[in-house]
């Protein structure tokens with residue numbers, strides 16, 4: 001089957017009406033159970049505390065109270081206190097106003113330009129327009145200076161103002177308000193682009209301390225100036241400088257809100273059996289809150305939550321079924337395997353619920369996920385389908401259903417996934433049932449290590465960690481015992497081609513093959529050679545080698561009815577010489593139909609029957625078709641359909657391999673002095689012929705696969721027909 005065809009399943013072709021109804025019913029039932037069983041379990045797993053009397057904070061307790069469940073909750077009171085403390089830890093935010101700063105500097109610059117040019121009226125206009133009151137006659141004092149001295153003093157006035165403004169002039173009222181709130185440190189943003197810095201409120205410049213700050217700065221910077229000049233500079237700067245740093249309430253509140261939001265909630269973890277109140281202990285508000293929270297833990301019917309869970313499970317199940325069908329090797333098995341999958345899912349859900357309920361009183365000593373029976377179904381499906389991917393998908397679906405349980409934690413899904421996928425990977429598809437013991441051993445080791453690791457992540461105590469590891473090992477062992485018991489039953493009931501069943505069928509000492517060997521020795525030798533060739537080719541390309549070997553062994557069992565009509569069983573006289581060409585073709589074709597009938601009669605798996613029915617496809621019986629055309633008179637036509645096999649072209653790689661091996665083994669007998677090159681040409685011609693006759697288009701074989709198959713065929717034929725040393729009988 002082509003890979004793209006796996007995406008589309010003809011439901012009408014493969015599913016009967018009853019199977020469709022059963023499929024829909026089981027799918028709906030699995031989702032309903034996936035939602036309802038965890039809900040019912042959560043009700044059983046919750047408990048209430050009944051106090052002997054109603055307590056108030058400050059009283060002595062008359063009893064010891066322990067928690068009936070394990071749970072966690074957010075302590076709203078502690079959380080609120082922590083958020084308030086986080087808000088208080090944010091200092092008031094003050095920012096320098098660039099607009100105010102530039103405005104004051106521009107006014108001073110324009111004013112000094114007017115003074116320097118001697119334009120007193122313009123200078124006083126700037127003062128008046130800005131609302132500045134020159135009570136100290138700064139303008140007159142500046143105009144009285146000499147031109148040279150005026151330039152120096154003007155430059156120093158601008159320089160001093162710039163320094164003061166960059167340092168920031170704060171509002172004394174706003175600083176006092178911050179101090180009153182308990183903040184003696186503030187965040188100051190000086191508009192330089194850097195982050196705001198923490199500074200103390202002590203010693204900051206305000207309008208009240210502005211003049212003194214200017215004088216101190218001038219004395220320290222201009223010791224060569226006279227007192228009158230320093231006084232003039234200070235008066236001028238004081239006249240033109242006001243508050244330019246302001247408290248940013250909006251920014252402060254935003255920072256405090258952010259600090260509050262970033263403060264994690266105070267989560268209290270209570271384990272089942274923990275003492276909440278001790279006898280003769282003083283009752284606190286916190287104790288009473290915990291009791292109230294426990295009594296409110298009993299789950300209510302949250303329809304929204306249950307709807308979300310249902311949607312989640314439907315998504316997981318739909319995803320699983322889609323890929324379950326996509327990776328199904330044979331679509332005719334899809335109805336059976338799909339119904340088995342859904343039935344197994346329902347049974348697993350019920351068993352999980354019952355097992356958790358029976359163990360509900362012991363959960364303080366181990367994690368519930370370590371006893372969930374979720375490993376059986378993935379391992380079983382891997383064994384019966386011979387496909388690890390089917391096991392992976394089954395494990396994914398079951399892990400998704402497991403997380404709905406209240407007892408599951410954030411590690412449950414990943415813990416189950418790792419254990420299930422590792423166990424599936426360890427399945428060796430060996431032909432000895434003892435291999436299951438090795439698989440169980442390796443899976444137990446991985447399960448124990450994985451469970452121990454995730455138990456550490458979850459914060460379990462050492463004792464619980466050890467208990468989890470022991471229980472999960474027992475879980476794995478019990479799972480493989482159950483698989484060993486039920487796998488043969490499923491093989492028998494549903495006629496499944498498991499690796500063990502196929503290996504048993506590959507023995508040639510069976511009644512059917514014994515009869516073939518007795519009545520058609522040539523055909524028996526042929527099928528054994530075809531079986532060996534097919535097995536090696538299937539192994540080389542990763543197909544089901546055991547199925548291919550069995551299909552090849554039984555592909556010609558229909559020849560046991562009329563063995564004399566097949567050339568490998570003829571010892572000289574050709575039975576076809578006595579009958580018509582059309583009858584010969586009918587006899588040749590009939591061995592496929594007879595083989596299918598015999599296969600059904602002896603109960604071979606359907607996959608083997610398909611190989612028997614497809615090993616000639618619908619190709620033409622070329623020899624008799626050409627003979628019929630030779631025998632036909634001029635006006636008579638020969639129907640090609642009369643000389644064509646009635647089967648379908650191979651639908652699987654295994655069927656196609658048997659077809660090619662059958663043709664190759666038979667044709668190789670006709671070669672004279674065979675060698676590698678002759679085998680190569682022969683097999684290439686056979687493959688090209690089958691491609692031209694459209695016999696391989698639905699087999700999923702790629703050109704690379706065909707090259708590998710050809711190479712393995714050559715090795716098999718060379719090994720079969722190798723030369724031996726000739727000995728002289730007289731010398732021997």
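Glycine residues also receive a Cβ, built from the backbone N, Cα and C atoms like all the rest.
Per TrEMBL, the stretch carrying the note transmembrane segment among 271-292, 469-490, 491-512 is 469-490. Which of 246-263, 372-389, 390-407, 516-533 counts as transmembrane segment depends on TrEMBL, and there it is 390-407. Transmembrane segment is the annotation TrEMBL gives to one range among 441-463, 556-578, 579-601, and that range is 441-463. Annotated by TrEMBL as transmembrane segment, the relevant range among 218-239, 306-327, 614-635 is 306-327. In terms of DSSP helix, strand and coil, the domain 'HD' (523-667) has 103 helix, 2 strand, 40 coil. The stretches the transmembrane segment (306-327) and the transmembrane segment (390-407) are in mutual contact, each linked to the other by at least three Cβ pairs under 8 Å (pairs 6 or more apart in sequence). The list of residues near the transmembrane segment (339-360) in space but at least 6 beyond its ends in sequence, with Cβ under 8 angstroms from a Cβ of it, reads 19, 22-23, 26-27, 29-30, 33-34, 37-38, 40-41, 44-45, 321, 324, 368, 371-374, 376-377, 380-381, 394, 397-398, 401-402, 405, 407, 494. Non-local neighbours of the transmembrane segment (413-429) in the same chain are 369, 372, 374-375, 378-379, 382-383, 386, 388, 391-392, 395-396, 398-400, 402-403, 435, 438-439, 442-443, 446-447, 450-451, 454, 472, 476, 499; each lies 6+ residues outside the stretch with a CB under 8 Å from one of its CB atoms.
Distant neighbours of the transmembrane segment (469-490): 366, 370-373, 375-376, 379-380, 383-384, 419, 423, 433, 436-437, 439-440, 443-444, 447-448, 451-452, 455, 496, 498, 500; these residues of the same chain sit at least 6 beyond its ends, with a Cβ under 8 Å from one of its Cβ atoms.
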